[in-house]
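First the structure, in the form of structure tokens, and then the observations on it.
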Amino acid sequence: MGLYRVRVSTGSSFYAGSQNQVQLWLVGQHGEAALGWCLRPARGKETEFSVDVSEYLGPLLFVKLRKRHLLQDDAWFCNWISVQGPGANGDEFRFPCYRWVEGDRILSLPEGTARTVVDDPQGLFKKHREEELAERRKLYRWGNWKDGLILNIASTGIHDLPVDERFLEDKRIDFEASLAKGLADLAVKDSLNVLMSWNSLDSFNRIFWCGQSKLAERVRDSWKEDALFGYQFLNGTNPMLLRHSVELPARLKFPPGMEELQAQLEKELQGGTLFEADFSLLDGIKANVILCSQQYLAVPLVMLKLQPDGKLLPMVIQLQLPHEGSPLPPLFLPTDPPMVWLLAKCWVRSSDFQLHELHSHLLRGHLMAEVIAVATMRCLPSIHPIFKLLIPHFRYTMEINVRARNGLVSDLGIFDQVVSTGGGGHVELLRRAAALLTYSSFCPPDDLADRGLLGVESSFYAQDALRLWEVISRYVEGIVSLHYKTDESVKEDLELQAWCREFTEIGLLGAQDRGFPVSLQSKEQLCHFVTMCIFTCTGQHSSNHLGQLDWYSWVPNAPCTMRLPPPTTKDATLETVMATLPNFHQASLQMSITWQLGRCQPTMVALGQHEEEYFSGPGPKAVLTKFREELAALDKDIEVRNAKLALPYEYLRPSRVENSVAI
């Protein structure tokens with residue numbers, strides 16, 4: 001009984017407000033009060049009013065709301081509702097929403113304090129949890145884009161996605177406008193090319209967008225250098241392939257006359273300075289046919305040596321696997337004629353483009369984040385602490401992935417049009433890679449140890465990934481410790497166990513034999529798993545996404561396709577190189593897509609800087625504040641280090657890491 005002060009916050013994106021009336025109910029532990037039709041929410045505004053309630057409500061548990069429309073359903077994006085009372089000295093309760101309110105159904109918002117099932121011994125929220133999850137399981141259904149791939153949200157297009165997973169209007173307008181600009185520029189360049197020759201490496205300057213990236217200009221000017229070629233395996237846009245060699249690869253067969261090379265490799269191996277990048281995943285992948293023209297793939301192996309100054313230099317390149325009964329494939333060396341060596345490196349860079357975009361970026365970044373998101377939406381209610389912890393890291397992931405499946409890797413999509421693995425090879429490559437995913441490879445401390453990169457001082461990716469993982473891990477531990485006091489409390493959380501099982505057994509098609517857990521038996525195991533989820537959706541994706549504009553704008557450094565077969569002799573000329581690299585249209589389309597996906601996103605939210613407040617109470621806020629302080633300190637450390645580097649490494653700098661897979 002008494003006076004309650006109610007505040008209602010509406011989102012600031014276009015069309016977030018509504019002309020429809022909204023009715024509220026306050027639901028307490030001892031009673032319920034209808035407040036009537038009390039507001040028409042305005043975009044970007046907080047609406048405040050007071051209401052006298054005659055019933056005794058007790059501690060507030062829910063706010064219920066319903067929108068009424070006469071002629072047109074005008075959706076409303078509600079941020080949160082705050083209720084303070086009874087009286088001026090009454091407690092304040094916060095009810096997070098952060099979703100669209102549509103139609104005229106009643107929506108129940110639980111008070112923002114996170115609760116596991118164990119935290120609700122009276123069962124005050126039991127019915128709500130069950131009903132919410134039942135509804136979500138109907139809304140968030142598993143789909144299977146291609147047989148043999150990890151699962152995705154069941155959606156044929158953006159319009160049948162759950163409404164809360166779609167781009168807000170400002171994001172949609174920016175994304176579609178940038179796409180239109182890129183395609184318009186492509187059309188202009190294509191029309192101009194009719195009158196111009198395409199016969200030298202300088203011709204690629206005609207489609208290079210100056211002023212977009214200083215590093216891209218540096219790549220254009222220095223891409224032929226062996227040091228820059230090797231640097232990309234350490235700190236480029238795909239740092240996931242390089243391994244420290246523990247023996248010479250079995251596939252590395254030495255033709256007669258190569259004894260000196262073998263001795264040099266053995267010497268580097270014994271000294272612990274030999275590294276390798278093996279592209280065997282491409283073996284047997286069918287190459288694309290574009291406009292009746294056959295494209296080609298290689299299966300390179302690169303052996304590199306780490307110098308005392310930290311430079312990683314290539315020693316030998318093998319472009320094909322040896323096959324019994326066939327001549328040994330040639331080994332290309334830095335001492336070969338310049339065009340021969342350059343063409344071999346171009347083949348490696350094109351192969352890296354394929355594995356990066358499909359394996360490291362799409363599969364390990366986008367699709368893995370989607371599995372985490374769908375499993376979470378199906379298994380954890382909005383009141384659960386792990387749901388509240390993870391939900392900011394799913395923003396826009398499902399829509400950007402649907403757009404990728406319908407535009408980039410779809411039939412007649414970008415890959416089919418200009419990429420050598422298109423036309424079906426890209427799907428087979430994804431299947432192969434998905435079957436090899438391991439839990440440890442998503443956890444930098446384990447992955448970097450396995451690949452032997454922990455002690456490589458010039459691997460800034462390794463250094464920054466470890467530090468960012470540790471910061472995220474402490475953040476997760478802070479939240480988990482507020483809600484799980486013992487290992488037993490983790491085991492007893494049936495929602496948590498169902499979530500873990502759904503992720504591994506269903507979303508990943510039964511990946512427990514590759515280390516992914518099907519249950520969580522301790523606080524430590526829970527923290528490690530949740531840290532993996534957040535790092536995958538943030539740092540890991542950013543490390544494979546942010547470098548695209550820098551390293552792929554100069555097309556010869558990362559050719560999307562190759563138009564002649566890999567060389568079997570050492571007689572390449574400039575004409576051979578130009579006939580092998582992408583033609584004008586292919587290069588222009590690569591540049592346009594690279595710009596659209598790699599440009600600075602105006603709606604970008606940096607790691608940990610989300611405005612949504614899903615938790616209530618001082619404990620979680622203190623943990624988030626400490627997380628932000630640690631991110632800022634790491635950001636500053638990286639800034640100071642980068643000031644001393646000829647090539648600054650920015651891709652895991654917290655201020656540049658996006659809070660979710662949103663592009």
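For all residues, glycine too, the Cβ spot is worked out from N, Cα and C.
Of the residues Ile173, Ile207, Ile663, Swiss-Prot puts just one in the Fe cation site with His361, His366, His541, His545: Ile663. Mapped onto three states, the DSSP output places Ile663 (Fe cation binding site) in coil. Residues within less than 8 Å, Cβ to Cβ, of His366 (Fe cation binding site) and separated from it by at least 6 positions along the same chain comprise Thr397, Ile400, Asn401, Ala404, His541, Val661. Every protein chain considered, the tally of other Cβ atoms within 10 Å of the Cβ of His361 (Fe cation binding site) stands at 24. Mean pLDDT for the domain 'PLAT' (2-115) in this predicted model: 93. Other Cβ atoms within 10 Å of the Cβ of Ile663 (Fe cation binding site) number 21 in total over all chains.
Here the binding-site residues are His541, His545, and the one with the most other Cβ atoms within 10 Å of its Cβ is His541.
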